[in-house]
């Protein structure tokens, strides 16, 4: 197809974005403004919070580290002033928009990008339906009223098909009738609805995948009325290239546990190192959203679909560049010591365990015992103890996450790779959507550095002090390990009433246990 370039397509286009304060949302805003400065306005749906109106929330968004490059460039004020807040709430009828704002969006918007969702895998069914399903339906209804709409792009998830081991870029049969589910939510008692959740969801892992799967059908049902497109990312992680290597403000997935590991707090994780885990850098996801919108908007009016459905693009790596933890586990701890943080509370040492049973045992020793000790010290020194609560929350979450930890999915992304080939040469370099060239080892080194800088907020200036502290913690950690082994040795001699040398087996068992657990 002989398309115009992506940049020319977006010139003077006004965009309405939901989820604009989230990881994907701020990344999308930054990329559009930096790469396509001739874009129109970006209207973002913002909900006032206690003590913070939408203008204050907008200021918070503009202060996000993602905009550092834009702020250091000429004309940054003009670009950032294109971000226009609109007061509303994805969970309310008609998005909680005033009549004037609703009309303004209908009159001026050209592209709708729907990113807002509840990502909490533990959320109850009613909440997930209201935000993920009913919110999407409200977005579709608004899009139908927009006079010059060129595309509604819905950000879904590859895991809407987590009930399949291999998923294609197509919409599968709905797990339920979405109108029925909405009706249940509006009429049924909340406790009764939530207690019936497992039966209602069928073979879906949780309320998130279930409601996001239904939301896709809401979008697909509008395909002959408005131009639609769906992008399905897998687990979204730090940037690969842009705005800078390793940038992140998300604590989900690998970024979260590396954050805990660098502090020396998270020391064990349940991971099957041989399984494929599907991670996708946020900048690749953003480029796929931008290119997917461009693609769908220019489909012929006679056939605004692909194979009779809304165009689906998988922003995934499992089939084109599979990641396994065994490929990078050997460098992970070394990287934590090469780029340590000054705020570490203990010597970092991360170990992967192949099942939850081994993890529970190891966690009791290497997480909870130190946590109780450190929380006690914190409390008597006037601080706020948090480690025990943190590990309890982690362990509770792992029970919910275990299907994602110990299962392998493959998401076919052949259509997305073909989309890369349809871009112009210039667009291919600016809006890269093919993750095949990504080298995972240097990527995770950059991710670790990004966690240090953007999540722990430690600059390069603290590196010298952090390295000194890391060495001190190494000495302390070695001393504690030696003391434990010697203590077990003496204790076994005392219990058995035999000479200490006769109990050489006790420290040996302790060392072997530490090796495996």
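Keep in mind that glycine also has a Cβ here, set from the backbone N, Cα and C atoms.
Bear in mind that the values here come from a model prediction, so they are computed numbers and not experimental data.
What TrEMBL lists as domain 'Thioester reductase (TE)' is 17-289.
Each residue in the domain 'Fatty acyl-CoA reductase C-terminal' (366-458) gets a DSSP state, and the totals come to 65 helix, 2 strand, 26 coil. The domain 'Fatty acyl-CoA reductase C-terminal' annotation in TrEMBL covers 366-458.
Taking Cβ pairs closer than 8 Å, the transmembrane segment (357-377) reaches residues 265-270, 345-346, 351, 385-388, 390-391, 395, 398, 516-517 in its own chain, all 6 or more past its ends. If you look up TrEMBL, you'll see 357-377 (among others) marked as transmembrane segment.
As annotated by TrEMBL, transmembrane segment applies to 471-491 (among others).
Look at TrEMBL and you will find 497-516 (among others) tagged as transmembrane segment.
Residues 358, 481, 484-486, 488-491 of the same chain, all 6+ positions outside the transmembrane segment (497-516), place their C-beta atoms under 8 angstroms from a C-beta of that stretch.
When pLDDT is averaged over the domain 'Fatty acyl-CoA reductase C-terminal' (366-458), the result is 90.
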